[in-house]
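**Q** For reference, the structure I am asking about is given below.
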Amino acid sequence: MAEVLVYVDHVDGAVRKPTLELLTLARRIGEPVAVALGSGAENTAAALAEHGAVKVLTHDAAEYADYLVVPKVDALQAAYEAVSPAAVLVPSSAEGKEIAARLAVRIGSGIITDAVDLEAGDEGPVATQSAFAASFTTKSRVAKGTPVITVKPNSAPVEAAPAAGAVEALAVSFSEKATGTKVTARTPRESTGRPELTEAAIVVSGGRGVNGAENFSIIEALADSLGAAVGASRAAVDAGWYPHSNQVGQTGKSVSPQLYIASGISGAIQHRAGMQTSKTIVAINKDAEAPIFDLVDYGVVGDLFEVVPQLTEEIKSRKG
Ligand SMILES: Cc1cc2nc3c(=O)[nH]c(=O)nc-3n(C[C@H](O)[C@H](O)[C@H](O)COP(=O)(O)OP(=O)(O)OC[C@H]3O[C@@H](n4cnc5c(N)ncnc54)[C@H](O)[C@@H]3O)c2cc1C
């Protein structure tokens with residue numbers, strides 16, 4: 001069976017969920033071979049094996065932390081040359097997309113970014129994408145070279161599928177370009193204790209209707225009752241009520257959770273562009289004509305200051 005390279009996103013050996021989702025998709029088209037780089041790379045093996053990796057190629061070097069993406073591209077290319085895979089799958093983070101794009105250029109292959117599904121096809125893997133703010137769903141396949149495909153978080157379930165996960169050291173020699181852009185400082189983001197916005201299974205977002213930074217505590221309380229991440233519309237971010245890192249939309253982050261709850265958000269096209277592929281969409285808005293209601297699965301016409309706290313209490317009592 002053909003091998004499929006899966007680029008591993010991990011933090012000191014802790015594999016992030018989107019990579020486990022990639023393994024589910026990789027198993028549809030071949031045998032997953034994982035590529036884990038940097039500090040703690042070898043510690044990823046158990047989780048990757050549990051989810052279907054037949055092999056885990058690892059390499060650690062100071063360059064991965066000290067320079068931007070090129071050392072990782074060099075290593076992924078080395079893995080590509082060692083394995084001759086049927087496809088290369090990379091998580092659709094900003095970094096993942098840059099790594100994938102650079103690899104595709106180097107190996108002369110076509111690339112598909114932000115896939116939301118992947119299936120085997122007679123002429124190679126077929127990727128589903130959601131285009132023009134999810135007005136269209138497209139299916140495409142790479143027509144040249146080895147498909148390089150980046151996949152959005154929450155596009156597939158995480159499934160246990162135990163495999164050998166044999167760890168092998170990857171031989172990497174860095175190119176001259178590897179050290180072109182040095183990391184000069186790092187400031188860890190303060191942890192909110194909530195899941196990462198782009199990876200969360202549930203996102204609760206607030207917009208201009210929240211009417212003030214202090215009122216975002218209502219949105220946060222609902223999010224916490226569900227173990228969700230908090231998002232915000234650009235109007236709320238521009239007003240300084242919530243950090244830009246939480247903005248959902250065309251000029252913010254793109255999310256695709258199982259459940260998206262929009263409160264006090266009108267549903268402008270630029271907001272929809274970042275959340276329209278969510279599996280189930282719920283909106284709370286006091287204006288029954290708000291465009292957000294055109295795309296929801298469930299809508300509540302009402303004042304968020306009444307509806308959201310009631311919803312939070314109800315969820316808490318049912319969990320109770
Ligand atoms: C180039 C460009 C890029 C953009 N990028 C983004 C982006 O990435 N993300 C983004 O979100 N926007 C983006 N925008 C802005 C976008 O066009 C909208 O202006 C923005 O999304 C509106 O935010 P909103 O829905 O919170 O506010 P509004 O459109 O003002 O809607 C507020 C909603 O809250 C409702 N409401 C008010 N009070 C209550 C209440 N008490 N209870 C319930 N409902 C209430 C109102 O009925 C209304 O529907 C972009 C715009 C441009 C031009």
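Using the three backbone atoms N, Cα and C, a Cβ is placed for every residue, glycine included.
OK, TrEMBL features for this one:
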type: DOMAIN; residues: 4-183; note: domain 'Electron transfer flavoprotein alpha/beta-subunit N-terminal'
type: BINDING; residues: Arg208, 233-234, 247-251, 264-271, Asn285; note: FAD binding site
**Q** Check the DSSP secondary structure of Gln247 (FAD binding site), expressed as helix, strand or coil.
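**A** DSSP call for Gln247 (FAD binding site): strand.
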**Q** Can you give me the same-chain residues 6 or more apart in sequence from Ile265 (FAD binding site) with a CB-CB distance under 8 Å?
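**A** For Ile265 (FAD binding site), the qualifying residues are Ser205, Gly206, Gly207, Arg208, Gly209, Ser233, His271, Ala283, Asn285, Ile292.
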**Q** DSSP on Arg208 (FAD binding site), three-state: which is it?
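**A** Its secondary structure by DSSP: helix.
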**Q** Ala268 (FAD binding site) has how many other Cβ neighbours within 10 Å of its own Cβ?
**A** 17
**Q** Mean pLDDT, the domain 'Electron transfer flavoprotein alpha/beta-subunit N-terminal' (4-183)?
**A** 96
**Q** Here are the binding-site residues: Arg208, His271. Which has the lowest count of other Cβ atoms within 10 Å?
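**A** Ranked by other Cβ atoms within 10 Å, the binding-site residues Arg208, His271 bottom out at Arg208.
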**Q** Using DSSP reduced to three states, classify Ile265 (FAD binding site) as helix, strand or coil.
**A** coil
**Q** Are there any residues in the same chain, six or more apart in sequence, whose C-beta is under 8 angstroms from the C-beta of Gln247 (FAD binding site), and if so which?
**A** Gly231, Ala232, Ser233, Arg234, Val237, Lys253
**Q** Which state, by DSSP, holds His271 (FAD binding site): helix, strand or coil?
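**A** Note: His271 (FAD binding site) is helical by DSSP.
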